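Report on the structure given below.
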Amino acid sequence: MATTSSSNHGADRSAAVSRIVGDDVYARIKAAKVLMVGAGGIGCELLKNLVLSGFVNVVVVDLDTIEVSNLNRQFLFQRQHVGLPKAQVAADSARRFNPQANIVFHHANIKNKEFSQEWFGQFDLVLNALDNVSARNHVNRMCLAADVPLVESGTAGYLGQVTVIKKGATECFECTPKPPPKQHPVCTIRNTPSLPIHCIVWGKFLFNQLFGLADDENNISPNTADPEAAGDNADAGRQDVDGRDANAELSSADSATNNNVQSLRAWAIEHQYHADETVQKLFVNDVKTLLRMDKLWRERRPPVPLDTLLEQSTDGTNDDGPASSTRLKDQRVWGLKECTDVFRSSLSRLAQRLSEEQAKAAASGSSEAAILSWDKDDDLAMDFVTAAANLRMSVFSIPNMCRFDAKSMAGNIIPAIATTNAIVAGLIVLEAMKILRDQFSICRMTFLARKPNSRMKVLLPTELSKPNPNCHVCAAKPRVTVHVNTNTMTLGQFDEVVLKGRLGMIAPDMMEGNRILLSSEPGETDINNPKALSSLGIVHDTSVFVEDFHQSYELTIRVLHREAFEADAQFVVEGQGSVPPPAAQAPAAPAPTPSADRKRKAEDDSDAPAVVDDDDIVLMDDGSASDHQPAAAHVNKKHRLETPADDEDDIVFE
Amino acid sequence: MAVAFTDDEAQLYDRQIRLWGLDAQKRMRSARVLLAGLTGLGVEVAKNIVLAGIKSITLLDGAVTTDADLTAQFYLGVESLGLNVSHSPKTRRQKRLLVHNAFMVAVVVDEENLESKQDSFFSQFDIVCLVGAPLNTMISVNDACRKYCVKFIAGSVYGLSGFLFQDLLEHDYVEDVVRAPGEPPQVGKHETAQQALDAANETTASQFHSSFTPLSAALSVAWSDAIAAKRIKPAPKLWFALLALWQTQRQNIELQATSDLLASAGIPSSVLPLDYLSAFFQSIGPEMSPVSAIVGGVYAQEVLKAVSGKDAPLNNVFLFDGTDGAGYATRVSL
């Protein structure tokens with residue numbers, strides 16, 4: 001089609017780039033093989049920039065599919081693409097910008113075994129456009145192992161961050177420990193909620209108890225072993241409850257193990273998920289059980305059972321949100337009666353869905369029991385949690401919230417906009433070009449702030465930090481100390497929550513001396529999984545050697561025995577604070593500090609870097625846990641990491 | 001101002017409503033925007049504000065596509081090279097933009113030259129956005145916008161660097177201010193109703209006001225008058241390099257960093273080293289896609305702030321300095 005005099009440009013739309021960067025660098029761009037991990041918010045922008053800048057060998061990996069809520073910023077996707085793989089559509093769309101570009105896509109998880117160290121080694125450059133810390137940790141390790149330079153990035157709302165990681169020259173993504181997500185004390189969730197978030201967490205736990213994977217970590221029933229209720233006498237609270245009535249089954253389960261998880265599911269099955277009876281149990285009888293634990297209410301406002309509330313309320317409606325005149329479904333605060341109705345109907349429909357799933361599983365001969373998984377984008381599940389949480393808020397005299405806000409909390413949603421992603425993606429390519437010129441000395445960590453600092457900067461480049469010699473990942477001989485109760489934690493738990501959950505391994509092998517205690521080969525050491533660490537010879541001050549072959553990662557762990565932990569932690573990794581079990585990640589409790597407002601975000605969400613003053617202090621704002629969390633600022637005199645976070649949904653990497 | 005807002009739109013714009021709120025989104029939805037100059041920077045701005053969900057955008061550009069356009073203008077393909085106006089490259093631009101318009105934003109294409117427009121033309125918009133316009137055009141369009149109380153923003157990318165200037169007249173905006181016990185009032189972050197509910201802290205949407213000046217006033221700062229210049233916060237070097245660049249346009253001379261040039265532009269050599277100016281002039285060339293993305297991101301966010309009346313605008317200059325990778329926001333005015 002190019003029939004004009006400019007046909008010499010027909011094959012290379014980016015030729016003019018060489019006028020700025022020089023022929024030599026442009027040749028390197030053309031020759032470079034680049035991996036882009038993530039094709040979401042940052043990824044769409046980045047792929048466009050890469051193609052226009054002359055990159056022609058690009059591999060894109062993303063495991064996600066396109067959703068409607070992506071379309072406000074992920075401009076390579078359109079309505080008709082909803083449900084399709086992001087990697088594929090992004091590659092197809094970007095190819096139109098330059099048909100000469102060789103864009104290969106994988107609709108897959110970057111952690112898959114197929115993406116080996118050798119596979120990573122084929123690239124000149126890896127560009128992260130991820131939205132979660134777990135994948136970032138993994139790519140960090142793969143790039144260290146393969147010695148490939150990595151550009152790391154993240155966005156959250158108006159804030160963004162880009163940095164460069166080069167083995168041996170700069171700090172790696174894990175040189176700065178990220179605090180684990182905060183957890184709410186179990187007793188607060190089960191007995192004494194005081195904030196909306198406590199009720200939202202309770203609602204999500206309730207969903208799992210009734211329809212999902214019910215376990216200890218998400219028990220929602222009154223906890224009669226609450227030490228506060230018991231005072232100095234551990235039996236007092238239980239005796240209170242033992243003046244039983246309608247709660248016989250509940251109380252007996254409680255008094256035995258304080259673990260009545262199975263009993264709630266069993267109760268629901270026995271009552272065939274009867275809506276009225278479930279409402280009566282959760283919001284009336286259980287509340288009465290709590291009221292009998294009178295020590296809890298000496299300095300707290302006691303809860304009011306739902307039946308009393310319904311009698312008191314005139315028509316049960318308080319239909320409108322306080323701030324907005326809108327009538328959008330999600331923006332309206334439901335009244336008490338509407339909440340009860342939505343709870344009943346969503347409960348029944350979810351129960352029906354569960355039984356359909358079970359029938360399907362049975363028909364296909366599956367041995368596994370079918371369960372439902374909670375998903376913020378599942379309208380029915382979100383209705384259920386909104387209604388359940390609001391009913392509980394009403395019972396505990398906590399102001400109600402609309403579905404929109406409930407979804408923010410329950411889904412740990414990080415706000416995301418096109419402009420921030422565009423800026424961050426532009427910065428990534430500028431760093432990539434420096435790397436291709438071998439100019440690591442001028443590579444920078446750059447923050448996008450919301451407002452100019454005292455030096456007028458809104459985009460703040462800072463020098464890269466040196467590697468942390470004590471990093472548990474990139475040090476020459478990585479070591480870490482873990483405190484754990486060796487008598488109660490099993491090897492299987494250690495594998496799941498410590499090695500994989502906290503230390504980010506994929507398939508660890510663990511040895512003590514010459515003994516192989518844990519093998520990544522399926523089945524080889526399963527017999528050890530239920531055994532306590534101490535029974536396997538891992539006691540106080542035992543060192544174990546752990547290797548993840550896929551990540552080419554070797555770590556010596558010194559295990560120290562400790563009887564008890566703060567809050568609900570099961571273990572502590574030295575230097576990283578207490579750690580909750582991954583299964584029980586509850587949204588972060590609002591910190592009782594003056595700056596809590598800046599951190600107030602739901603748990604998975606988050607991570608927004610905020611820069612306070614450029615060359616002096618870098619504040620990572622927001623602490624929840626999330627994934628957009630960009631590369632962490634180093635905790636040293638130059639940068640202060642206030643709280644890191646992790647996120648889940650899309651972006652920042654998006 | 002009241003715009004019907006559907007559940008469907010709420011779903012589409014969910015992730016940004018969680019950032020700036022539903023009221024700001026509704027105001028964006030009623031904004032009529034003129035974007036003149038479909039360069040790489042221009043399409044970045046267009047893409048970003050169409051994604052955000054405005055009411056309408058008018059794309060104005062009378063130029064013919066050249067190869068330099070292709071480095072950053074992603075809506076143009078190589079097949080557009082050399083097409084003149086009669087082959088209507090703008091029509092192609094429009095089609096592509098529409099493809100990316102998942103929303104209900106009206107896109108109007110105008111293939112006339114900006115310079116041919118009467119002042120009254122600008123009165124139909126809420127904000128006029130210029131990209132890549134020469135200095136004289138920026139000044140005259142800014143003045144025309146003032147006449148009709150239309151907000152104005154202009155910017156360009158020069159190789160590795162870029163800038164924007166805006167004149168939002170007398171601008172009222174809302175900012176969520178968070179107050180924590182024992183802490184001085186703070187400018188808000190991601191507050192939502194959720195957070196207002198959820199704590200001992202209070203979030204209040206507070207009204208603010210910001211006064212802007214026209215470009216002509218910003219350019220009239222007498223930097224060579226030490227006393228006058230002292231009253232003003234020193235601007236980043238890039239601002240002075242831009243003044244020097246515009247001086248070469250005025251005098252129609254070659255890009256060449258000389259002390260004569262600085263003297264004729266009224267720039268003291270103390271604020272602009274000649275070697276910095278040389279490096280800047282050397283970096284001028286076709287638009288670099290990543291630089292267009294960075295400046296276009298900031299530019300578009302300023303447009304969105306302006307039309308939504310939410311959050312503090314950068315008053316009145318933003319500069320992306322490709323020599324050190326820093327982005328500056330400052331106020332240049334008497």
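Note: Cβ is positioned from N, Cα and C throughout, glycine not excepted.
As given in TrEMBL:
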ACT_SITE  A:C187  active site, glycyl thioester intermediate
BINDING   A:38-43, A:D62, A:70-73, A:K86, A:131-136  ATP binding site
COMPBIAS  A:604-619  compositional bias 'Acidic residues'
COMPBIAS  A:644-654  compositional bias 'Acidic residues'
DOMAIN    A:13-471  domain 'THIF-type NAD/FAD binding fold'
DOMAIN    A:344-407  domain 'Ubiquitin-activating enzyme SCCH'
REGION    A:218-241  region 'Disordered'
REGION    A:307-327  region 'Disordered'
REGION    A:576-654  region 'Disordered'
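Taking the Cβ of A:N72 (ATP binding site) as centre and 10 Å as the limit, one finds 24 other Cβ atoms among all the protein chains shown.
Checking the recorded positions A:G38, A:D62, A:S134, A:C187 against chain B with a Cβ-Cβ cut-off under 8 Å leaves no residue at all. Between the CA atoms of A:D62 (ATP binding site) and A:C187 (active site, glycyl thioester intermediate) there is a gap of 39 Å. The DSSP breakdown of the domain 'Ubiquitin-activating enzyme SCCH' (A:344-407), given as helix, strand and coil counts, is 42 helix, 0 strand, 22 coil. When the alpha carbons of A:S134 (ATP binding site) and A:C187 (active site, glycyl thioester intermediate) are compared, the span between them is 29 angstrom.
Taking all protein chains in view, 16 other C-beta atoms sit within 10 angstroms of the C-beta of A:S134 (ATP binding site).
Every protein chain shown contributes to the tally, and the Cβ of A:G38 (ATP binding site) ends up with 33 other Cβ atoms within 10 Å. Of all the Cβ atoms in the protein chains shown, 18 others lie within 10 Å of the Cβ of the residue listed as 'active site, glycyl thioester intermediate'.
Under the DSSP three-state reduction, A:D62 (ATP binding site) is assigned to strand.
A:C187 (active site, glycyl thioester intermediate) sits 32 Å from A:D131 (ATP binding site), taking the CA atoms of both as reference points. Annotation note: A:G38 (ATP binding site) sits in a coil segment as assigned by DSSP. Neighbour counts of Cβ atoms within 10 Å were compared across the binding-site residues A:D62, A:D131; the minimum falls on A:D62.
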